[in-house]
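Listed in Swiss-Prot:
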ACT_SITE  78  active site
ACT_SITE  140  active site
BINDING   76, 108, 165  Zn(2+) 1 binding site
BINDING   108, 141, 351  Zn(2+) 2 binding site
């Protein structure tokens, strides 16, 4: 059988739109990309399972070989929306220029699947002793629906997992989590000339912000991980809106904030810290403060520095293992097995106009993936 060339895989992946968004006007689903991957994997001899988690939201699990353990190569098939006016290249076409592939998803991260398929083609699988798994998920860019569902329901037990997010081929063994909430204060509006006839939501929010800043300082003092460039949890007040006129008592105010916890801080523990920080204000103003999540919280993630996958992958890549501050699906897949994040392209290209993958990553990535397959499947 004549298989597609590497560039053909890449072209078809990029030209097949698979945007996920909390804005329904952008949200597309990933069925078409999953169906392409399924056909290619089957052509290479894989057993393929497709699961529809929600309408148009699919996960794919392909398996090559049999036995216990093995290696799981994982990634997401969705992309973020784009602003066409800021792109100099067609987002849904693979454009070659400046020794780069341009297009939406070239780095983050549909292109990773082309590398997996190319590496599989280049290996003689005759003496394989452990399975190779390929996981393609949905909705990483919004809710991480695919990875959450897979980790909670799968029956496979691979030895190790590699997630192919763009890390410039540097192995990543840890990252912070992300929690984002909205705090809405409902006051009582009225004319500013008579404050006693109203309840100023902005003034209540001022008390809330003071409590959050106290918590921010506590997090810096009490938690420290020297493996991170910013070695403490961060808390950021990112957006606030309230009131409509200087001569009117503010009747409503809303604040959006985020926290990036270090690995080891549980989501429940962080939520308890947040609630404890605000309990005095909530007791003072009963029924006027509502807290709602802006997205499903993502825990921090850390793979032990002593894990064999850490040392062997560092040797294969010739790179020191690092930690980062952005989030991936790793916290969920780490529940299955020791997990690293490692892939071609730079994270600086993710979510940017004229996203690209430099040609200089192509041969090294195929080589690294081939060595990982040999290491963990033979």
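Note that Cβ sites are derived from N, Cα and C of the backbone, with glycine treated the same way.
Just so you know, of the recorded positions 78, 108, 140, 141, 165, the Cβ with the fewest other Cβ atoms around it within 10 Å is the one at 141. Taking the centroid of the Cβ atoms of 76, 108, 165 as the Zn(2+) 1 site, the other same-chain residues with Cβ within 8 Å of it are 75, 109, 112, 140, 141, 163, 164, 166, 328, 343, 350. Of all the recorded positions given, namely 76, 78, 165, 351, those whose Cα is no farther than the 10 Å limit from the Cα of residue 140 (active site) are 76, 78. Neighbour count (other Cβ atoms within 10 Å of the Cβ, all protein chains): 15 for residue 351 (Zn(2+) 2 binding site). For the pair formed by residue 76 (Zn(2+) 1 binding site) and residue 141 (Zn(2+) 2 binding site), distance between Cα atoms is given as 8 Å, rounded to the nearest Å. For residue 351 (Zn(2+) 2 binding site), the nearest neighbour among the listed recorded positions (78, 108, 165), judged by C-alpha distance, is 108.
Nearest neighbour of residue 141 (Zn(2+) 2 binding site) by Cα distance, taken over the recorded positions 78, 108, 165: 78. Reduced to three states, the DSSP call for residue 78 (active site) is coil. Across the structure, residue 78 (active site) and residue 165 (Zn(2+) 1 binding site) are spaced 12 Å apart at their Cα atoms. Within 8 Å of the Cβ centroid of the Zn(2+) 2 site, not counting the listed residues 108, 141, 351, the chain contributes 79, 80, 109, 350. Under the three-state DSSP scheme, residue 141 (Zn(2+) 2 binding site) falls in the coil class.
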